[in-house]
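As recorded in TrEMBL, the features of this protein are as follows:
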- 35-55: transmembrane segment (TRANSMEM)
- 75-102: transmembrane segment (TRANSMEM)
- 123-147: transmembrane segment (TRANSMEM)
- 153-181: transmembrane segment (TRANSMEM)
- 193-214: transmembrane segment (TRANSMEM)
- 266-288: transmembrane segment (TRANSMEM)
- 332-357: transmembrane segment (TRANSMEM)
- 377-400: transmembrane segment (TRANSMEM)
- 421-445: transmembrane segment (TRANSMEM)
- 451-475: transmembrane segment (TRANSMEM)
- 495-519: transmembrane segment (TRANSMEM)
- 525-547: transmembrane segment (TRANSMEM)
Amino acid sequence: MNKFLSLLKLQINARFGLSMARYNFRHDKKEMWKAIGLASAVLFTLGMFVFFYTYMMLGFHKAASLLPIKSTQIIITMGAASAGLLILFFGIFYILGALFLARDTEFLVSLPIKQSSVFLSKFMLVLLGEYPIALFFMLPPVIIYGTGEQKGVLYYIMALVSVLLLPIVPLVLSSLLSLVLMHVVSRSRRRDLLIIVGSIILFLVLFVGQNLLLSRIPENLTEMELYTRILQESDGLVEWSGRIFPPAVWITKALSHTGAEALKNLGMLILASAVCFIPVWLLASVIYQKGATAQLEAEKKTINRELTYKGSLPVMVFFKNEWKGILRTPVYALNSLIGIIIGPVILCMPLFGGNFAQDADVEALYAFIRQYRSSPALVLILSGILLLFGSFNAAVSSTYSREGKCLWILKSIPVRPRIQAAGKLLAGYSISLLSVLTASLAMAFTLRLGFGLWLSSFLLSAAAIFPACLIGILIDLNRPKLHWNNPNEAIKQNFNVVLGMLAGMLLIVVLGVVCYGMLRHNMNPALLYGLIILILAGLSLAGLKLLGTTAERAYRKLEG
């Protein structure tokens with residue numbers, strides 16, 4: 001037990017940089033104030049999200065209180081289900097990065113500690129990282145419902161226990177899928193490829209499965225019959241909403257009921273967490289180490305090949321190396337390339353059947369497209385949607401962070417920093433362009449777009465995504481995260497990625513305002529598109545010049 005606690009303490013210290021923070025606080029005031037400023041910016045941004053989320057939950061609470069049978073506890077179900085699904089979907093990537101692809105795997109294997117203890121410490125580390133998500137989604141509804149129903153101290157104690165238990169079931173499921181995947185992968189020669197493909201398939205199965213489940217509400221019921229069935233009892237709405245994540249129902253009933261009923265549902269949550277975790281922990285004690293150490297093995301190859309040399313542009317060399325680096329590390333590939341797949345899946349959801357196909361909003365969108373098929377406004381709206389999918393690119397805003405301690409290699413290469421930065425930018429842009437392309441093809445198929453409308457939307461969004469990529473790489477170049485323990489931290493737990501995505505969304509808003517102003521002047525479509533392209537070209541050229549000067553300056557002061 002002492003060994004396990006020491007190992008857990010060591011990993012928490014390394015993961016959250018506690019020793020470095022303590023050192024900076026005592027000896028490096030500049031870094032301390034920089035960290036305080038960054039933390040303040042993060043808290044301010046998070047505060048805005050919390051405000052809007054709380055405001056939305058207050059609206060749901062008020063609406064639920066006006067129903068014929070009061071169902072205000074539905075906001076707890078919504079919060080728990082949202083947190084659980086988010087942890088389940090992205091838990092696979094976190095688990096893979098922390099358990100199997102971490103830099104300290106070789107070191108931990110050499111320690112005189114059982115592999116089940118190593119797995120448990122890694123699992124606890126990931127669990128600690130998921131609690132902010134659980135708190136974000138659960139605190140507002142818990143407080144709103146508690147104050148509205150005038151709950152006592154016992155309610156908040158049970159709420160705290162529920163929040164602590166909430167991430168366990170989805171993380172255990174993610175761990176189980178990851179353990180099985182890595183056990184299969186350890187037997188194969190093409191491990192990296194299998195990890196990437198297998199993880200994407202698991203993610204898509206979970207994503208599509210949950211959405212199909214939501215779409216399968218009985219279609220033979222009229223709206224009034226469904227409404228009546230839900231409201232036959234106060235927990236009816238909770239039961240329907242909690243179908244996507246059953247633990248959300250147990251949490252809601254544990255907090256909304258009293259006495260034996262509350263204890264029964266809390267007991268079910270505890271039992272489900274234990275029943276899910278114990279078998280996975282026992283399985284990990286058998287197969288975890290083999291799956292983890294398989295990533296350290298290298299296949300012996302003897303290749304008789306004539307050496308040939310051919311020249312290539314330096315920009316293209318860095319472009320290819322960036323792609324190779326992404327594809328060589330499964331965590332990088334999963335987080336960088338998932339947008340190429342997830343965009344089309346989301347856009348094709350109405351084609352999967354169920355209620356999505358008959359959704360009133362989807363039908364209204366079809367009608368809008370038929371009515372305004374030749375309108376420039378439609379091209380701009382579709383381009384904005386594609387730009388949104390393309391802007392969610394973690395690769396471009398983590399390109400220097402992923403170099404880590406190997407940054408000195410880039411600095412020692414006799415190629416100007418501006419050329420290196422251009423090659424990295426081109427690689428990141430190609431990923432965004434692929435995301436835009438696949439999303440546009442899915443959009444054309446789903447919304448029945450004509451070739452001209454599809455081509456205009458694609459070309460406009462392809463031009464607009466370049467400045468967004470420039471902003472992302474500039475953010476990472478100015479403040480790269482070079483000190484990390486596993487690849488997951490470099491891309492998934494890198495605030496530069498969040499800043500890059502926020503900057504991309506801000507660019508969409510600004511361009512949307514500019515385009516709206518142009519539309520109000522009833523410009524000729526050709527003139528309108530020409531002006532937009534000129535604006536984007538100007539932004540791109542200015543960004544490229546800024547990238548070159550920033551790269552030259554940053555390379556002189558950056559140290560891996």
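Positions of Cβ are set from backbone N, Cα and C atoms, glycine also.
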Interface check, the transmembrane segment (153-181) with the transmembrane segment (75-102), three or more C-beta pairs under 8 A: yes
Non-local residues, at least 6 beyond the ends, that sit with Cβ under 8 Å of the transmembrane segment (525-547): 376, 379, 418, 421-422, 425, 456, 460, 463-464, 466-467, 470-471, 473-474, 477, 511, 514-515, 518-519
Long-range Cβ neighbours of the transmembrane segment (495-519) (under 8 Å; 6 or more residues past either end): 38, 42, 45, 376-377, 380, 384, 387-388, 391-394, 396-398, 401, 464, 467-468, 471-472, 475-476, 479-481, 528, 531-532, 535
Tertiary contacts of the transmembrane segment (35-55), as residues 6+ beyond its ends and Cβ separation under 8 Å: 21, 24, 136-137, 140, 144, 495, 502
